[in-house]
Amino acid sequence: NLIQFGNMIQCANKGSRPTRHYMDYGCYCGWGGSGTPVDELDRCCQTHDDCYGEAEKKGCYPKLTLYSWDCTGNVPICSPKAECKDFVCACDAEAAKCFAKATYNDANWNIDTKTRC
């Protein structure tokens, strides 16, 4: 679920940036998304959105699905349980790892999506 996703982000980025800083970043980080991603981090969000879309096609509810995971060496690791839980956990874990590798550009936070996306 979204709270677990936030915790995964903190695991992967070693708590270096609050989760809320990713909620209104670029064209895809946060609710919805459209246009061309502004950078690598925004592409991580686009991929995460697409993954959630695939989860929904499988009949899962990714924003609400609870799953089991651990933070091991700043890497989110999913604990297999059931199809929806595994799929959503993998979406979130891959996004959290992607966020940790991508550069955060302050100029891409809270942008005007109508003109830039």
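Including glycine, each Cβ sits where the backbone N, Cα and C put it.
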Out of Asp49, Asp50, Swiss-Prot lists as part of the Ca(2+) site with Tyr28, Gly30, Gly32 the residue Asp49
Can you look up which of Cys71, Cys78, Cys98, Cys117 is joined to Cys89 by a disulfide in Swiss-Prot?
Cys78
Going by Swiss-Prot, the cysteine from Cys45, Cys51, Cys60 that pairs with Cys91 in a disulfide is Cys51
Which one is it, Cys11, Cys45, Cys60, that Swiss-Prot ties to Cys29 with a disulfide?
Cys45
In Swiss-Prot's disulfide listing, Cys60 is paired with one of Cys44, Cys71, Cys84. Which one?
Cys84
Cross-link partner of Cys44 (disulfide, per Swiss-Prot) out of Cys11, Cys98:
Cys98
In three-state DSSP terms, Cys71 (disulfide bond) is classed as strand
Quick one: pull the CA-CA distance for Cys84 (disulfide bond) versus Cys91 (disulfide bond), whole Å only.
11
If I take the alpha carbons of His48 (active site) and Cys71 (disulfide bond), what is the distance between them in whole Å?
19
Within 10 Å of the Cβ of Cys89 (disulfide bond), how many other Cβ atoms can you find? Include all protein chains, please.
25
